[in-house]
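S.K.: Please read through the structure below; I'll follow up with questions.
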Amino acid sequence: MSEFTHINHQGNAKMVDVSEKNISKRTAIAHSSITVNSEIYKQIVEHTNQKGNVLNTAQIAGIMAAKNTADIIPMCHQLPLTGIDVTFDWQENEQSYTLNIQTIVSTTGKTGVEMEALTAATAVALTVYDMTKALDKSMVIGETYLLSKSGGKSGHYQRQDN
């Protein structure tokens, strides 16, 4: 079993020293979702929400969240992100609609951007909830997970669907 890298010799939390790691291009792709009712779906796609364009605002929130991940996740390094993209795909269910969210975050650096991609995806879903909760508070934010990552010593990871 490998040692935990975020624990020092006294058993306390520490931020890992990455100064000896090689610089490489690193990319992470994350997924989240939010399921809404037909009234909220209609409001989002027709841009009639009183707070503004829901998806544009959520995209900006995701970008801001990725850029500020180190401020809210204690052991994350501040990274010079080189790219952040947020995309959406609607899935119609029997009596609801699911907004699938994908975030892609890239950097050229000494540590990966998985947490930035996951934080962005989560912030997007939370922003959609915040902007539409006046209509229905029973929305469900779905699973959030890492789809893939590339770069670094551990190489490529691709999530396998079960």
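Glycine too: its Cβ is placed from the backbone N, Cα and C atoms.
Heads up, here are the entries from Swiss-Prot:
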ACT_SITE  Asp130  active site
BINDING   Met75, Cys76, His77, Met115, Glu116  substrate binding site
S.K.: Under 8 Å between C-beta atoms and at least six apart in sequence, can you list the same-chain neighbours of Glu116 (substrate binding site), or say none if there are none?
M.R.: Ala28, Ala66, Lys67, Thr69, Cys76, Leu79, Leu81, Ile84, Val105
S.K.: What's the number of neighbouring CB atoms sitting within 10 A of the CB on Cys76 (substrate binding site)?
M.R.: 18
S.K.: On a simple 10 Å Cβ count over all chains shown, which one of the binding-site residues Met75, Met115 is most densely packed?
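M.R.: Of the binding-site residues Met75, Met115, the highest Cβ count within 10 Å belongs to Met115.
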S.K.: Enumerate the residues of the same chain, Met75, Cys76, His77, Met115, Glu116 excluded, that satisfy the criterion Cβ within 8 A of the mean position of the Cβ atoms of the recorded substrate site; list them in sequence order.
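M.R.: Going along the sequence, the neighbours come out as Thr69, Ala70, Ile73, Leu79, Thr111.
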S.K.: About how far apart, in whole Å, are the alpha carbons (Cα) of the residue listed as 'active site' and His77 (substrate binding site)?
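M.R.: Cα to Cα, the residue listed as 'active site' and His77 (substrate binding site) are separated by 28 Å.
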S.K.: For the substrate site as recorded (Met75, Cys76, His77, Met115, Glu116), determine the largest distance between any two Cα atoms, in Å, rounded to the nearest integer.
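M.R.: The two farthest binding residues have Cα atoms 12 Å apart.
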S.K.: Report the same-chain neighbours of His77 (substrate binding site): residues 6+ apart in sequence with Cβ closer than 8 Å to its Cβ, ordered by sequence.
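M.R.: Sequence-distant Cβ neighbours: Met15, Val18, Ala70, Lys110, Thr111.
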